[in-house]
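Asker: To start, I am sharing the structure in question, which I have written as structure tokens.
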């Protein structure tokens with residue numbers, strides 16, 4: 001199991017936890033002095049109250065919680081959000097309200113999930129052309145919407 005250092009920056013912060021034994025992501029909770037209202041079609045930056053030190057070669061992704069998206073149309077504005085291994089500041093979540101009603105975030109509300117993953121460093125080789133494939137440059141819906 002990978003060990004990741006974590007610092008609780010606020011005594012009321014909830015540290016990330018796996019909700020079930022085989023969950024891929026850990027729940028991230030809001031760390032707030034007072035509730036924050038995310039107005040319709042607006043964003044809010046919500047602190048999590050902790051900072052992490054990832055090993056080199058890893059990243060942390062913040063992702064939406066499906067239940068929030070389904071019930072309240074709340075998701076992450078930059079999904080997935082990447083926390084790099086050299087970042088040492090407080091983890092914060094950019095929530096966006098796609099719904100028509102204001103949404104209130106309270107201290108301790110589970111607002112996102114985080115997944116720690118390996119990252120492969122790459123170098124680019126500039127070439128004059130790329131190898132051919134059946135797909136070629138087809139993209140953005142080129143395969144249609146109906147399964148045959």
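Heads up, the Cβ atoms here are built off N, Cα and C, so glycines get one too.
Reproduced below are the annotations present in Swiss-Prot:
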{"type": "BINDING", "residues": "65, 66, 67, 78, 82, 83, 84, 92", "note": "substrate binding site"}
Asker: Please determine which of the binding-site residues listed here (65, 82, 92) has the lowest count of neighbouring CB atoms within 10 Å.
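Answerer: It is 82 that, of the binding-site residues 65, 82, 92, has the fewest other Cβ atoms within 10 Å.
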Asker: What three-state secondary structure does DSSP assign to residue 84 (substrate binding site)?
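Answerer: The residue in question, residue 84 (substrate binding site), is coil (DSSP, three-state).
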Asker: Using DSSP with the three-state reduction, classify residue 66 (substrate binding site) as helix, strand or coil.
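Answerer: In the DSSP reduction, residue 66 (substrate binding site) maps to helix.
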Asker: Using DSSP, would you call residue 92 (substrate binding site) helix, strand or coil?
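Answerer: In three-state terms, residue 92 (substrate binding site) counts as strand.
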Asker: Quick one: give me the count of other CB atoms within 10 A of the CB of residue 67 (substrate binding site).
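Answerer: Around the Cβ of residue 67 (substrate binding site), 10 other Cβ atoms lie within 10 Å.
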